[in-house]
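Take a look at the structure set out below.
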């Protein structure tokens, strides 16, 4: 172990630092350590330039670092503490606690760069993960041990949806959850921490967090690109410990995978690589694969991951979201046109897909209802041009009925969220899969053609829609 191998800083380019060693060069991905005043700065070796110099990425701000400063090779990659001691704590990319509650009580550390499980170790599941969110459970159901992506542009509700999933799944789920905040708002990270304390998912005692169910790993928007490009790996290492050593079913939430790619592009440019399409790093697919292939279920335990993925300029063909599509089992696409109608969650029922929408997994009835709902919505979509030009009166009676049902279905896909109660004033609802399938089946069959459209907006089950219709009638 080359722990006493010491070099000197020769060049500083923002987040990228060149270090010259007289002796042996450190390996790629090794951690280097230097002091800036009274703080320690960790760097990660990214390139070897010539015989004596390495180029490293800083995991924190390089303000105050000077040429000639001593840099020590730690002889190993960056490691993070793992195990029950991380639960209830907030860590940064290098595993240091940032919640001002003292050191982390961990018996073990894991490298943030680990091999993905081999083909023989992997295991597949065909069990549905119930989210309590109607549009998701009906049209693009999630699998236990699967990978789920929430795609959406700026401000269409990805973070609120991921927080609702944490609320509905993590609280009901007996196991452990890990949340990686990658390049998102610090305020949201803080809010999430306090919400989890209020919900009892994090239990804060005197110098202890015993009984907590979630570990938080943050590298937020204000961090340098090195930290944002690695923090998802740090969170994943903590999740892998619970999967591999304790055989648990772990929930792994990432907000936001796009920021991981964005940070990779920033670092890549600083390292002098020639960018590929739209200015992304040439190693985009490799970087994404290295992260995503580790998020999987094995014979020992499972990792179910929910990843928010920002879509730049609402363009799903942008290389960053397009690369992540290939790795996912279910995609929930949020659409600005739907959010503009005031329908939340703004999930696009025709764009969202799931591998598990299969009669062998969800059952014949669920599959048929989901396909009928999609057919009605697709017909409505294709009729919209005619309606815009000629108006509703020019449609056949059958088409008029289809449009009326489609508009009701569209509104019925909205529902009040628990985490949005403070904004909406409506109490959140959790709808079981049975109620979801039954309610949509009744709308498709025309049993509720007599109800006004407004009755279907922001309700839970079809019974709630009936009650709302009566209340609207009484008001009128």
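Each residue, glycine too, has its Cβ placed from N, Cα and C.
Since this is a predicted model, take the numbers as computed values, not measurements.
What Swiss-Prot says about this one:
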BINDING   152, 153, 154, 155, 156, 157, 158, 159  ATP binding site
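Each residue in 310, 334, 339 lies on the same chain as 152, 153, 154, 155, 156, 157, 158, 159 and has a C-beta within 8 Å of the C-beta centroid of that ATP site, without being one of the site residues. Looking only at the binding-site residues 154, 156, the densest Cβ neighbourhood within 10 Å occurs at 156. If you take the C-beta of residue 157 (ATP binding site) and look for same-chain residues 6 or more apart in sequence within under 8 angstroms, you find 334, 339, 344, 345, 346.
In the three-state DSSP scheme, residue 158 (ATP binding site) falls into the helix class. Secondary structure at residue 152 (ATP binding site), taken from DSSP and collapsed to helix, strand or coil, is strand. For the binding-site residues 153, 155, 158, the ranking by surrounding Cβ atoms (within 10 Å, all protein chains) places 158 first. With a 10 A radius on its CB, residue 159 (ATP binding site) counts 20 other CB atoms from all the protein chains. Here residue 152 (ATP binding site) comes close to 158, 308, 309, 310, 311, 333, 334, 335, 346: these same-chain residues lie at least six apart in sequence, with C-beta atoms under 8 angstroms from its C-beta.
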